[in-house]
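*Asks:* So TrEMBL lists these for the protein:
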type     : residues : note
DOMAIN   : 1-118    : domain 'C2'
DOMAIN   : 121-234  : domain 'C2'
DOMAIN   : 268-389  : domain 'C2'
TRANSMEM : 242-262  : transmembrane segment
TRANSMEM : 415-441  : transmembrane segment
TRANSMEM : 496-524  : transmembrane segment
Amino acid sequence: MGTSCPSGFSPDQARSGMYKLEIEVKRGHNLAVRDRGGTSDPYVKFKLAGKEVFRSKIIHKNLNPVWDEKTTLIIDSLNEPLYVKVFDYDFGLQDDFMGSAFLYLESLEHCVCVCVCVAQQQQSIRLSELHRKAQLWRGIVSIALIEGRNLMPMDPNGLSDPYVKFRLGPQKYKSKTLSPQWREQFDLHLYEETGGVLDITVWDKDTGRRDDFIGRYQLDLSTLAKEQTHHLELPLEESRGFVVLLVTLTASAAVSIADLSVTPLDDPQERREILQRYGVMKSFFNLKDVGIVQVKVMRAEGLMAADVTGKSDPFCVLELNNDRLQTHTVYKNLNPEWNKVFTFNVKDIHSVLEVTVFDEDRDRSADFLGKVAIPLLNVRNGEQKGYLLKNKELTAPTKGCIYLEIDVIYNAVRLFVVVVWNFELYMLPLALLLLLVWNYFFCSSRDGADVDSEPKGFMDKLYAIQDVFISVQNALDEVASFGERVKNTFNWTVPFLSWLAITALCLATFLLYLIPLRYLVLAWGVNKFTKKLRDPYMIDNNELLDFLSRVPSDVQVMQYHELKVDPGQSPSKRRRTNLS
């Protein structure tokens, strides 16, 4: 298969986001046998953004087919990978899968021909290695969205409700809709050595109609030095105004995918090095790197049949915070064996590992088969366990069981420093006072601006009332959730956090006993009101709320509850028990 760029397109058209993708399907070599006669009837399918864009002709009874077909596509983005799949045609039956590969268009140089030869073999090692490398990121870009300046007003009252969308390859992030002081921090993965292009768009939120586009900036990450924090004021290309960011590019540490034969923690020397890295003596080195988690995905039993043939094509997806890795697909099997080892960085030991099993489908999105959520604090290192799968909401069991072995290594001192360092108690009356003052000035300014604006119609008022009800409902949910978290802290639902609360309360008692309250209030006030002077772009946070956010609510306790597996039951009997 060959791909090439764009002949016939001017540089201006390329900059505007229009590309011509030429695909040439040449031949296959040593393809897998799928028919009883020892041959196959192969054809090739190409997909972009989940949609089929081209299908080759069928070459009957040939394991070394020659297609020699060409097609040309007009695309407006290079962010989506080109998905190439090879199938064996079966008349009147479901076509058999023979192999697949990803091609990341961003990695191609424009106007350069690239030849990709895919030779399918049963249990192809090359395709498995390609699948593995396509998932692993080579670095992390940490982005702190600070504020917008001089943004174009889009509403009739001269104001806007702006939010920002970020896109790096297939990864997306959307900020909150607030005043231009966003103060949000998030991470994206870098899959290329050069970094890629970060697409930044600013929008104005409109209730009941399509959001207004304000402006865009495309940031070439290859121009930024690594391991440094860059303060950037980015001018929007299609409008006036700036977006202020703090961007840091760092190398990725412990993320990996391997076979069981090369498990990192099973190597004594490598295990020693990891234990030393997170030992007590190195507690104050690289505070953001709290630890690692290694997950062995062994096998599953008794999965749900998602295909008409009574089988499934299962694969497994592992998610930890914003990190996502997956196994290969085992075709036509309800008791698949993956035997893969995944390693993640741990930034917060209170994170929850989510393992989801899907059924791969040729022409539509994958079907859900089951899911399990495992808090890292509940893990017993080195214990191979069977986890009964649950539904999407994690509220009831579904068919099947997955066997995992998890190891978590972390530095407790480093975690304590990250969570409770500079602990502050924000006064509730002061917060309410600031909220009242803010709303007074905000409402006054809006009342003055609304004098000359057009009167609102009935639908606008209806949407406004609906927004108020939704806001009140969300606020009540938050209050109830935090009440449940406080209760679960004192109920020892998460023993680690309860011990942490005991430590903090003992420290507070000791300080209040030895130091007069006025000195503590003075120190708190000086620290609070000089923060912006010491670091103008610091993202505000409340340590008490951060602590409570790590305590599970009653709903999360139910979701994380582990269903017990009866080792004496066979998969078929276990399925009947789940259904009854």
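Each residue, glycine too, has its Cβ placed from N, Cα and C.
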*Asks:* Using a Cβ cut-off under 8 Å, which residues of the same chain at least 6 positions beyond either end of the transmembrane segment (242-262) come close to it?
*Replies:* 132, 135-150, 164, 189-190, 195, 200, 202, 217, 219, 221, 224-236, 289, 292, 296, 323, 325, 339-345, 537
*Asks:* To what whole number does the mean pLDDT across the domain 'C2' (121-234) round?
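*Replies:* Averaged over the domain 'C2' (121-234), per-residue pLDDT gives 78.
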*Asks:* Write out how many residues of the domain 'C2' (268-389) are helix, how many strand and how many coil, based on DSSP.
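*Replies:* Output for the domain 'C2' (268-389) reads 16 helix, 56 strand, 50 coil.
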